[in-house]
Amino acid sequence: MQFSKMHGLGNDFMVVDAVTQNVYFSPELICRLADRHTGVGFDQLLIVEAPYDPDMDFHYRIFNADGSEVAQCGNGARCFARFVRLKGLINKRDIKVSTQSGRMVLSITNDDQVCVNMGEPEFEPHHVPFRALRAEKTYILRVAERTVLCGVVSMGNPHCVIQVPDVETAEVDILGPALESHERFPERANIGFMQILNRGHIRLRVYERGVGETQACGSGACAAVAVGIQQQLLDNHVRVDLPGGSLFICWDGPGKPLYMTGPAMHVYDGTIHL
């Protein structure tokens, strides 16, 4: 089986073409391949499939390092777009893909960045999903003997966003896993720790569901900006600095799609005999 290793700001992926190859990945196999000592090593496995819908170019599947399948990965979407162009699976600059949670358009820019239409952020609790009687801009959660104020949103996957004074000293190792599996998130959640520098610039660390803290999380960056705009703390165009680098997020508010722009890097190609 042939594959490529790619990354978006250090958030790394094994990308597999299932259009021209017959592949099957059990959760156990994914865990073995994800191991950084004895396998390929990656945060997520991305699979390129033939479209289920004739209006789409491809179907996009994402698996975490623990073998669980998820509906969205923003950094992965940018790598997906670069991969299908690099491998000659498509020549268009605007690539339409379906996912578990809907549809996306991935656009290659003139400077080889990738702009992803991430769709409209979803704040209704039952769509996140998040257990709450009604939608609020801020929720109070009790976790790890602490009281936490957070925003909750779905970007195709569930996110919880906490504002912190300094990401360097944020209790990511304690609050990340505790909030990820909090009882009010029935499908677990990705946890973002956001430091606001000014209305157009934030710093962010993300503890990803099923993975742990990563160098970057595209959907997490989108979620943080969406929550910041909803809470009237941020403007519509925001630079997000993550440990692995920067992303640029644009959202014009309710009823409009959110756009994420950033890099996608090809590292190497490989072959595995399974």
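Every residue gets a Cβ built from N, Cα and C, even glycine.
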Swiss-Prot annotation, substrate site containing ASN11, GLN44, ASN64, GLY74, ASN75, ASN190, GLU208, ARG209, GLY218, SER219 - matching residue among ASN110, ASN117, ASN157: ASN157
Candidate recorded positions ASN11, CYS73, CYS217, SER219, pick with smallest Cα gap to TYR268 (site 'Important for dimerization'): ASN11
For substrate, whose listed binding residues are ASN11, GLN44, ASN64, GLY74, ASN75, ASN157, ASN190, GLU208, ARG209, GLY218, SER219, the greatest C-alpha pairwise distance in Å: 17
Cα-to-Cα gap, CYS73 (active site, proton donor) vs ARG209 (substrate binding site), nearest whole Å: 11
Close in space, distant in sequence - ASN11 (substrate binding site), Cβ under 8 Å, 6 or more apart: ASP43, GLN44, ASN75, GLY76, THR214, GLN215, ALA216, CYS217, GLY218, GLY244
Close in space, distant in sequence - ASN64 (substrate binding site), Cβ under 8 Å, 6 or more apart: ASP43, GLN44, VAL70, GLU208, ARG209, GLY210, VAL211
Where SER219 (substrate binding site) sits in the secondary structure, as DSSP reduces it to three classes: helix
